[in-house]
Amino acid sequence: MALKSAVGYACSITSGQKHLGCFGVPRCNRLQCVGYDKKSKACELVTRAISMDRPQLDFSNPDWKEQFQEDFNRRFNLPHLTDVIDVEPKPTTFSLKSRAPLENVNGSMQESWNGYVNDDDRALLKVIKFASPTSAGADCIDPDCTWVEQWVHRAGPRKQIYFEPQYVKAGIVTCGGLCPGLNDVIRQIVLTLEKYGVKNIVGIQHGFRGFFENHLGEVLLNRHVVQNINLAGGSFLGVSRGGANISDIVDSIQARRLDMLFVLGGNGTHAGANLIHEECRKRKLKVSIVGVPKTIDNDILLMDKTFGFDTAVEAAQRAINSAYIEAHSAFHGIGLVKLMGRSSGFITMHASLSSGQVDICLIPEVPFTLDGPNGVLRHLEHLIETKGFALICVAEGAGQEHLQQSNATDASGNTVLSDIGVHLQQKMKSHFKEIGIHSDVKYIDPTYMVRAVRANASDAILCTVLGQNAVHGAFAGFSGITTGICNTHNVYLPIPEVIKSTRLVDPNSRMWHRCLTSTGQPDFH
């Protein structure tokens, strides 16, 4: 939900810091600012919320909570095949009480096994009741931080399904960049489809490109083909950025007679999946489009984490440890590590926390100055004087305001970033040379190394759960949804709600405060 502020940017309720509200939607504020003091960075508030996709909420209206919940329930209602076509449900063929899919189900076995999720099961999207807007990480709807229950659909197998498994043809496609765990998800989708009784499963090669490149044929998938693909990194099906016209993709889906399409990717890929879903609805096709969120940046809204993130943080430790050893061993050594994170600093923040050796952590969400008494370079002088060396960890999207901007974009439409790592390296060398202090700067860029590895144990479990739930969601008749973890619970979410913005690190969150406590760095302003 993208909310607009009267000043066009996020104003803190009291302190003026960026406030990441709106159910996690970054760089926006639920509360309208009327008047903004640039010196104190403080906002004067009025009791109205402004939204681009729903009417304004007047908090003086005693019924505002009911209005809010009605709007929330509308937006988080899951699109279903029965919204546009007539299709009757039938008893599921999925059961863990049988080695093979159930046949001629009469309901007795289903009643004796309590492994199904009820359609009315819900999980809370938010679980903390903040007492004040000034609480660390406060995510309030109104100025009084009134508690409002926000329920989302629980994920898992249903007793009723909307497809005949023996007639289903299911497709899997992996889009965007590489990410640890892609093969784990592919494997679990195939195994779960077979558990339902699906025999016709295909992989679409190299992302959406596989729908229109004639030389990229379908890859037949089954248990024997995917059995060991999780032991390697990368994508068994290949990846690519960008894609064809949505209408052409849906034409291809129809020509291939696909009934289900599982789309593995990040924000851009999910946006494409949602457009495919909408086009299928326009054509009244019985096709279920289900997304599986994939990004090592951990920047998808509403979710605790995305698969690949834990592995990337773990893989980054090798680079950070190498930089630490180089810096610690050299005279006035400075280790510099650049990690992935275009607009979100989750990898850099968590990797810094995990290492325990990082002195300065720089992320895109927190602006910093390089020069001056409160700049990064002055703090580096202090570190060299007091401990003899320093270690910096920077996200690739941090400090772009210090660099010459490029208008170039990649195949996904992302702006090509200038290299903050090289810039910092050059600035540090020239700075210490100018002040007559010896320095030995070592720069390590493990960018693509952290995403090309096999998923670790934590991510492998997450991939297993996500892959299984994606299949359960498709058989339940949902389409235009994605599956993820919210507050440790597995849920289904409408794709539009997770692609409205990029999830960012909240500079007022406890996790960022923990990172600052660990590094000991000051405010670089």
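Heads up, the Cβ atoms here are built off N, Cα and C, so glycines get one too.
Annotated active site, proton acceptor per TrEMBL: Asp297, in sequence order.
Taken from TrEMBL, the feature ATP binding site covers Gly177, Arg241, Gly242, Gly266, Asn267, Gly268, Thr269. Around the Cβ of Gly268 (ATP binding site), the number of neighbouring Cβ atoms within 10 Å comes to 19.
Here TrEMBL flags Asn267 as Mg(2+) binding site. A 10 Å cutoff on Cβ-Cβ distances gives Asn267 (ATP binding site) a total of 23 other Cβ atoms nearby, all chains included.
Positions annotated as substrate binding site by TrEMBL: Thr295, Ile296, Asp297, Met340, Gly341, Arg342, Glu396, Tyr448, Met449, Val450, Arg451.
Across the domain 'Phosphofructokinase' (170-472), mean pLDDT in this model comes to 94. TrEMBL lists 170-472 with the feature domain 'Phosphofructokinase'.
Annotated site 'Important for substrate specificity' per TrEMBL: Gly268, in sequence order.
Just so you know, of the recorded positions Asp297, Glu396, the Cβ with the fewest other Cβ atoms around it within 10 Å is the one at Glu396.
Geometry remark: Gly266 (ATP binding site) versus Gly341 (substrate binding site), CA distance 13 Å. Cβ contacts within 10 Å of Gly341 (substrate binding site), excluding its own Cβ and spanning all protein chains shown: 26. In the shown protein chains, 23 other C-beta atoms lie within 10 A of the C-beta of Arg451 (substrate binding site). By neighbour count, meaning other C-beta atoms within 10 Å, the densest spot among the binding-site residues Thr269, Thr295 is Thr295. Gly242 (ATP binding site) is surrounded by 15 other CB atoms, counting those within 10 A of its CB over all protein chains shown. Binding residues for substrate (Thr295, Ile296, Asp297, Met340, Gly341, Arg342, Glu396, Tyr448, Met449, Val450, Arg451) extend across at most 16 Å, taking the greatest CA-CA distance.
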